[in-house]
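Participant: Pulled these from Swiss-Prot:
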type	residues	note
ACT_SITE	ARG102	active site
ACT_SITE	GLU105	active site
ACT_SITE	SER128	active site
Amino acid sequence: MSSSNIQRPKILSTLPSIFSYLHDAKVRSKMTFADIAAEMDRDEWYVAAIFYGQAKPDQADIVKLSAALNLQQRYLDEAFGPDFFPHRGLGEFPPQDPVLYRLYEVLVVYGYPLKHMIHEKFGDGIMSAIDFEGHVEKVKGSSNEDRVKITLNGKFLPYRRW
């Protein structure tokens with residue numbers, strides 16, 4: 001299969017070519033992010049973030065990623081070297097993609113109630129997106145329908161008083 005036949009997420013056209021290279025290799029391998037994560041001893045969310053330039057793999061990650069996807073490690077070493085830094089916060093605002101828009105909509109509709117509950121339980125502060133883990137699960141609802149369960153797990157950071 002040539003790379004020209006691979007359907008790529010639109011956002012990849014705005015990123016350095018290494019990310020299209022990674023996505024193409026993932027498609028050819030028929031591996032999921034969960035499969036790759038298992039090979040790398042990482043969480044699938046973190047691995048997916050690497051594929052969009054939102055996280056920086058360390059050297060051990062690069063070795064495992066190149067082995068998992070049968071890629072030449074030197075390309076990854078060059079791309080993710082000392083000059084690489086993640087570009088977090090990709091995309092349009094508000095998002096146009098239906099999945100991303102629904103996540104945005106959740107925060108628009110339920111953001112203030114969530115903020116209020118965080119303040120009631122923890123005090124004045126924020127949930128870190130730096131000291132953070134996220135997980136996505138497929139679960140069954142009460143009518144046996146497929147449901148998406150997203151867990152956001154961030155360190156609480158109180159605002160400092162001075």
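Note that Cβ sites are derived from N, Cα and C of the backbone, with glycine treated the same way.
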Participant: Looking only at DSSP and grouping its letters into three states, which state does SER128 (active site) belong to?
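Facilitator: Assignment for SER128 (active site) reads strand.
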Participant: Please report how many Å separate the Cα atom of GLU105 (active site) from that of SER128 (active site), as a whole number.
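Facilitator: Distance (Cα to Cα, whole Å): 20 Å.
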Participant: Using a Cβ cut-off under 8 Å and a sequence separation of 6 or more, which residues in the same chain sit near SER128 (active site)?
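Facilitator: In sequence order, GLY154, LYS155, PHE156, LEU157 meet the Cβ cut-off.
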Participant: What does DSSP assign GLU105 (active site), in three states?
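Facilitator: Reduced to three states, the DSSP call for GLU105 (active site) is helix.
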